[in-house]
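According to Swiss-Prot, the feature ATP binding site maps to G10, A11, G12, K13, G14, T15, R128, T137, F138, Q195, an assignment based on sequence analysis. The region 'NMP' feature in Swiss-Prot is assigned to 30-59; the stated evidence is sequence analysis. Residues annotated as AMP binding site in Swiss-Prot, with sequence analysis given as evidence: T31, R36, E57, L58, V59, G86, Y87, P88, R89, Q93, R156, R167. If you look up Swiss-Prot, you'll see 127-159 marked as region 'LID'.
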Amino acid sequence: MNLLIMGLPGAGKGTQAAKIVEEFGVAHISTGDMFRAAMANQTEMGRLAKSYIDKGELVPDEVTNGIVKERLAEDDIAEKGFLLDGYPRTIEQAHALDATLEELGLRLDGVINIKVDPSCLVERLSGRIINRKTGETFHKVFNPPVDYKEEDYYQREDDKPETVKRRLDVNMAQEEPILEHYRKLDLVTDIEGNQEITDVFADVEKALLELK
């Protein structure tokens, strides 16, 4: 089974990806792991990516696409199938993935899209607070400190609601054309992500069993 998982930051995509890998035994291909492995193994694309990263530059699409292609061409993929997590990030990368899969004789079986209302995501992502003395991390709603005094805690700039909302807006603008592309191919299953983790996975599992 060859899959792609999508969802905005805070939707619980990483948690569900780990559960899919455990339950279905597919190879988990996350962008970060893929880059680290390619650079550690000094593949052609890995060396190229490292040259950009060492200069503090963004890795261009053609290198990212090349690293994905190298990984998808490995033996375990034909045997186990894959779950792509964190790629494609743009519609151009989605088209490149289509071409790569065709070239390697693989096909995408499904796209799992974990949907959570953006306002819920802002609450999830902007609730993080840090104790000034201990550095411990808490969440205002989901994991509040026992003796909360506002002056004892601070919030990172990245976690402030307005920053989180801007980040989500950027992600939504990138994800929409990708989802539209895969909807036209009838590959997308939307999963309600604003429920308990076990309930989300029950819906994911049901969708994937129907694909098999």
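Glycine too: its Cβ is placed from the backbone N, Cα and C atoms.
Shown here: features listed in Swiss-Prot, placed on the structure.
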| residue | record | CB count, 10 Å |
| --- | --- | --- |
| G10 | ATP binding site | 21 |
| G14 | ATP binding site | 15 |
| T31 | AMP binding site | 17 |
| E57 | AMP binding site | 9 |
| V59 | AMP binding site | 18 |
| Y87 | AMP binding site | 20 |
| R89 | AMP binding site | 16 |
| R128 | ATP binding site | 19 |
| F138 | ATP binding site | 17 |
| R156 | AMP binding site | 11 |
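On the 0 to 100 pLDDT scale, the region 'LID' (127-159) averages 91 in this prediction.
The ATP site in the record is lined by G10, A11, G12, K13, G14, T15, R128, T137, F138, Q195, and its two most distant CA atoms lie 23 Å apart. The Cβ of G12 (ATP binding site) has I114, V116, G193, I197, V200 as same-chain neighbours under 8 Å, each 6 or more residues away in sequence. Residues 17, 66-71, 85-87, 89 of the same chain lie 6 or more positions beyond the ends of the region 'NMP' (30-59) yet place their CB under 8 Å from a CB of it.
DSSP assigns F138 (ATP binding site) to a strand.
The shortest Cα-Cα distance between V59 (AMP binding site) and any of the binding-site residues G10, R128, F138 is the one to G10. Cα separation, T31 (AMP binding site) to F138 (ATP binding site), rounded: 28 Å. For R128 (ATP binding site) paired with E57 (AMP binding site), the C-alpha to C-alpha distance reads 30 Å. Y87 (AMP binding site) has G14 as its nearest neighbour among the binding-site residues G10, G14, F138, going by CA to CA distance. Across the range of the region 'NMP' (30-59), the DSSP-based residue counts are 21 helix, 1 strand, 8 coil.
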